[in-house]
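Trainee: This structure is in structure tokens; I'll ask about it shortly.
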Amino acid sequence: MSTKKRRVLKIIILGDSGVGKTSLMNQYVQKKFTKEYKATIGADFLTKEIEVDDKKVTMQIWDTAGQERFQSLGSAFYRGADCCMLVFDVNNAKSFDDLDNWRDEFIIQAGPSDPDNFPFVVLGNKIDEVGVNRQVTEKKAKAWCASKGSIPYFETSAKEDINVEAAFTCITRNALRNEKEEELFVPDAVDMNTSATQRKRGGCC
């Protein structure tokens, strides 16, 4: 079996149930969106191969359940994460308030060596539904990100495919920028026979 030199990045998406984590992942990887809501049980992942700044990257994107009873997935799930997406619904204030808990949970479970410089990115999702019901302003979200060390922030819509690719490209660049200069060798053919078909933070681009 031949091998090809490429980087493998493990991306974990965290946030409350119903904020659109699965939809964002499906839109980015498969370019599809469904209105039907089906809660993720435990965790699931998809992979996507891309090229960023002349570097070949295999993104292993992990989508997690937002329900409390699944928050105890443990360090085994978080271990080896190269970057983390924190997602909230701009029309749901509680999902924004819970970002602190999700960020703390990740840092505790993943145990990054340098939490202050670990590559996070925050997505304010469902901007296609914005109207009188919007509860979290862009200014408020950016202020929270600034208070955590200038985390990049994107307003997204999985449904309309707004800023989805930009957000994933940003976090990939930051992960590559922060990773140690190690080369990972991965077999060309890896068939997970599941729904599977993506390392650290900083300014984007």
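Every residue gets a Cβ built from N, Cα and C, even glycine.
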Trainee: State the residue range annotated as motif 'Effector region' by Swiss-Prot; the candidates are 37-45, 82-90, 163-171.
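Mentor: It is 37-45 that Swiss-Prot describes as motif 'Effector region'.
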Trainee: Sort Gly18 (GTP binding site) into helix, strand or coil using the DSSP assignment.
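Mentor: Coil, per DSSP.
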Trainee: For the motif 'Effector region' (37-45), report the average pLDDT of the model, please.
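Mentor: Here the mean pLDDT over the motif 'Effector region' (37-45) amounts to 55.
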Trainee: List the residues of the same chain that sit at least 6 positions away from Ile127 (GTP binding site) in sequence and have their Cβ under 8 Å from its Cβ, in sequence order, or write 'none'.
Mentor: Val90, Glu155, Thr156, Ser157, Ile162
Trainee: Among the binding-site residues Gly15, Gly18, which residue has the largest number of other Cβ atoms within 10 Å of its own Cβ?
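Mentor: Comparing the binding-site residues Gly15, Gly18, the most crowded Cβ belongs to Gly15.
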